[in-house]
Amino acid sequence: MRDLKIPGERHPEKAHRPDNPQPKKPDWIRVRAPGGQGYAETRRIMRDNNLTTVCEEAGCPNVGECWSAGHATMMIMGEVCTRGCTFCNVATGRPDALDVFEPGRVADAVQKLGLNHVVITSVDRDDLDDGGAEHFAQTIRALRHRAPDTTIEILTPDFLKCGPEALETVVAAKPDVFNHNLETVPALYPSVRPGARYFHSLRLLQRVKEIDPSIFTKSGIMVGLGEGRSEVHQVMDDMRSANIDFLTIGQYLQPTPKHHAVDRFVTPDEFKSYEKAAWGKGFLMVSATPLTRSSYHAGEDFARLRDAREKSLARA
Ligand code: SF4
């Protein structure tokens, strides 16, 4: 594989793509501008620990709000991905070797931030035999050691090119929530997520539950990429068939003109309708708003669910 990174050019691998003009965002997509003391402190801890965040790499619109509250989603295993998904702002190319000290630095940062709940994600590492499974497991173990009261959510790649032991390695480390995003409806995979397989991703989450039913599973999609309403409902049904517990649905925002075009902005009322349908299908947690992202308010959502479960156990 060629190393496509060129100094000074952030996303050279997307240079061959046609320009898709970025449409003006509607009024309902309003975000807090980054800044303030909390934001600066989160940024300092990330820099001091030499950590990469998906908040910055993906150009997440919620970074002002999340970082002000000390919530950053760390992205392990480098900042170069082996896949070329057309919605994603992370650079594609040949990644560096794994940094064996990274799990310790992640744990240190989480301890300093004093997080009740942390979300850890990664780039895709098709260049590694285990897809980075052992590195995920080491990160979870380091977090358990340094921040034992913090609940851990991982947002993983699909381990498509690995044997079954890769997933088993990650599950054996016992994250509290195992998240893997389906990202879009199956018909759009060839144009949005060309290196992935919809039913493989679904089966990955189903297997997590089969291996360890005590782990919550979570997945999400973006809307506004060109999907139909009935296709979104079918994805929800597929997710419930795979025993997925939590669902997130958010508006796709186009990072640059070289990325997949926004087909349309889904209205807040349509999001409410998706949310209502999802609760009806039996998800334990649903977040469906224009600004919903996998890790947006993930800690609050998880704490609410855990409280509800404890109350219901106490009543039983
Ligand atoms: S929603 Fe997630 S990715 Fe976006 S800023 Fe918040 S923590 Fe980071």
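Placed from the backbone N, Cα and C atoms, the Cβ positions cover glycine too.
Lifted from TrEMBL, the feature list:
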COMPBIAS  1-30  compositional bias 'Basic and acidic residues'
REGION    1-34  region 'Disordered'
BINDING   Cys55, Cys60, Cys66, Ser295  [4Fe-4S] cluster 1 binding site
DOMAIN    67-284  domain 'Radical SAM core'
BINDING   Cys81, Cys85, Cys88  [4Fe-4S] cluster 2 binding site
Cα-nearest neighbour of Ser295 ([4Fe-4S] cluster 1 binding site) within the listed binding-site residues, Cys81, Cys85, Cys88: Cys88
Among Cys60, Cys66, Cys88, Ser295, the binding-site residues whose C-beta sits under 6 Å from ligand 1: Cys60, Cys66, Ser295
Rounded distance in angstrom between the Cα atoms of Cys66 ([4Fe-4S] cluster 1 binding site) and Cys81 ([4Fe-4S] cluster 2 binding site): 24
Cβ contacts of Cys81 ([4Fe-4S] cluster 2 binding site) (under 8 Å, same chain, 6 or more positions away): Cys88, Val90, Ala91, Thr92, Gly93, Pro95, Val123, Asp124
Cβ-Cβ neighbours of Cys66 ([4Fe-4S] cluster 1 binding site) (radius 10 Å): 25
Three-class DSSP secondary structure - Cys81 ([4Fe-4S] cluster 2 binding site): strand
Cys85 ([4Fe-4S] cluster 2 binding site) versus Cys55 ([4Fe-4S] cluster 1 binding site) - Cα distance in angstrom: 17
